[in-house]
Each structure stands twice: as C-alpha cells, then as structure tokens.
C-alpha cells in the first residue's frame, strides 16, 4: 500500500483538515502522521455538526483504527499536546498517539519572545505560538527534545522506524502537512513566511519518509485563497468585496480575520510543480458557486462550478481528485478513480 502526503498550495487555511479527515475515514490508513512546523497552524474539521480544531495532533484523529504520529521535524508544545489529548478523549487518542523522541520542544520563553518581538509579531505577523524562536534554538542546537520532557515519556517513539516498518508491511500511511506553499521559508513570500519549508518533500522528511517511498502528493487549493498576517497577496480583493461575497473567515490559531483574494492560477501551477503534485483537491467550491453546495456527484455540479474545475486542471496541469462542496465530511466529490 502507498504513502500519501497532503499539503497546502496557497497561504494555509486551504481546508486541508477537511480533506485529511475524509481520507482518514474513507481510505482507512493504518498510520496518520503529522509533519510541518508545529502548533502555529490549526486544522479544523466538522463531525456531525461539531467543530474540532487541532494544532498539534494529526487531523485524522477521528479514524479510531489508526496510529497517530508526530514526526521528528515537528515542534511540540507539551501544553497544547496534553490539552488536545483531553479535548479529543472521546476518540481515544491517548492510547494511539506517538511523538518522535527527537521532536524539539516549544517552551514558554519561545512563546513570550514570539509575542513580544516587534519584528516577528509586529512586521511579520506571527501567530505568537513560539515556533520561530523554537526553531531558531533548534538550529543553534540549544532546543530541548521530547526525550528530555518526563511527562512525554509514555508517548515517545521512533516515528521514522514505525512508518517505514508499516510501509514494508504494505500498510497505508497518510501524512499531513501544515500551512501552505506561499508560507514556505524557501519558496514563499520571504520574509513574510513561516520558520521552515513546508513543501511535500520537507513534510516527507519530517516524518522520516524518503523520496522514493512517496506514492501520491495531494496539493489543496481553496476556491478563494486567504492569508493571515502581513505579506504580499497579488490577487487580494478589497475587504468590502469579500464582505459582499460572504467570504468572512477567521484564523484557527490567531482568531484574526483572513485576507481574501481571487484564485491565482499562476501561483497554483508553480506550487503544484514544486510540490510534485499527483492530484489536486479543491475546497469551498460552494463559495465560488453557491449552487454547488452539498453536491456529491460531479455530473450534477452546476455549469459555473464545472468550468472552474476544468480551468484549474487545464491551467495548473494536474488533475483534480477531490472537491469539497460544503463544511461537513460528506460534502465531497471523489474523482480519484478517474485519474
């Protein structure tokens, strides 16, 4: 069975959580692993009308059969980790989760610096989660590791070994990335970026998967891209236009209102190429065309929505495999059999 990586193609908040949740329940992976930066990115999913938001644990937590892992490349905030164990106790995550013993730790001093540093918080618009300062300490070889935190001891494991053993045995492994291509330290709108690379190749490395063991990369795009914080946004629309279109969103972690723009085909093509996308997922199609809300059959999509999907495929050069038409898990069109 393959390994599958899901990453964001814009500036984060693309709806990766809803795509991951669907894959977790529909494909039933044996392992769901989280790569990416750390607790500065939140993923939200709706289950039976209830919203769940996670910043540390894998978003596929609702798949009760899966082992949940946090890769060595991810920063761990013990406070957030234990809060989410409690918050998600109905899903029995405590008995299924493992943290790589090499994860670097976010300490209170990192969060304080992130919140008070005029450049980071003022100009760049960081989330205040401490990820940037913690990654800086990691690069300087000063950061603590998960193995140094006594409270984390019951959850420590070698994530890379677990995942590669599972792949050897034919298991399906789903890997989640965080944030989006435009926030990559290497390829994003520097300096208005996150503190590491978040493309698919780096996310694979975060959890210990070599490039030859990656089978599929799904890059997620939202019909109207959004951005939280400062930085270039070439297709940004005026706030008044966003209000008129009903495109009012707030960040999962920061609570700040998101800036909204029109779909950027040029950025999407570049993002898909650098990430090595084998397929695309398009979310919030119902925001682009309200008549598409709740549709689960591609043939029943209204003409406007279909033409948008076809234009994306043509201009980006990658087939669309999944389409979200609403907030609930079942509001999805799965076209992967046609690819």
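Using N, Cα and C of the backbone, Cβ positions are placed for all residues, glycine too.
Per Swiss-Prot, GTP binding site is recorded for 12-18, 42-44, 258, 284-286, 324-326, and the stated evidence type is sequence analysis. With a 10 A radius on its CB, residue 325 (GTP binding site) counts 24 other CB atoms from all the protein chains.
The IMP binding site annotation in Swiss-Prot covers 13, 14, 15, 16, 40, 41, 42, 43, 127, 141, 179, 194, 256.
If you look up Swiss-Prot, you'll see 13, 42 marked as Mg(2+) binding site, on the strength of sequence analysis. Within 10 Å of the Cβ of residue 13 (IMP binding site) there are 26 other Cβ atoms, across all protein chains. According to its DSSP assignment, residue 13 (IMP binding site) is coil.
Annotated active site, proton acceptor per Swiss-Prot: 13, in sequence order.
Per Swiss-Prot, active site, proton donor is recorded for 43. Just so you know, the Cβ of residue 43 (active site, proton donor) picks up 27 other Cβ atoms within 10 Å once every protein chain is counted.
The substrate binding site annotation in Swiss-Prot covers 252, 253, 254, 255, 256, 257, 258 and rests on sequence analysis. Secondary structure at residue 255 (substrate binding site), as computed by DSSP, is coil. Just so you know, the Cβ of residue 255 (substrate binding site) picks up 9 other Cβ atoms within 10 Å once every protein chain is counted.
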Spatial separation of residue 258 (substrate binding site) from residue 15 (GTP binding site) - C-alpha basis, Å: 13
Residue from 12, 40, 325 whose C-alpha is spatially nearest that of residue 255 (substrate binding site), among the binding-site residues: 40
Alpha-carbon distance [residue 256 (IMP binding site); residue 44 (GTP binding site)] in Å: 15
Neighbours of residue 18 (GTP binding site) among the recorded positions 43, 179, 256, 258 (Cα to Cα, within 10 Å): 43
From 40, 179, 256, 257, the binding-site residues whose CA lies within 10 Å of that of residue 12 (GTP binding site): 179
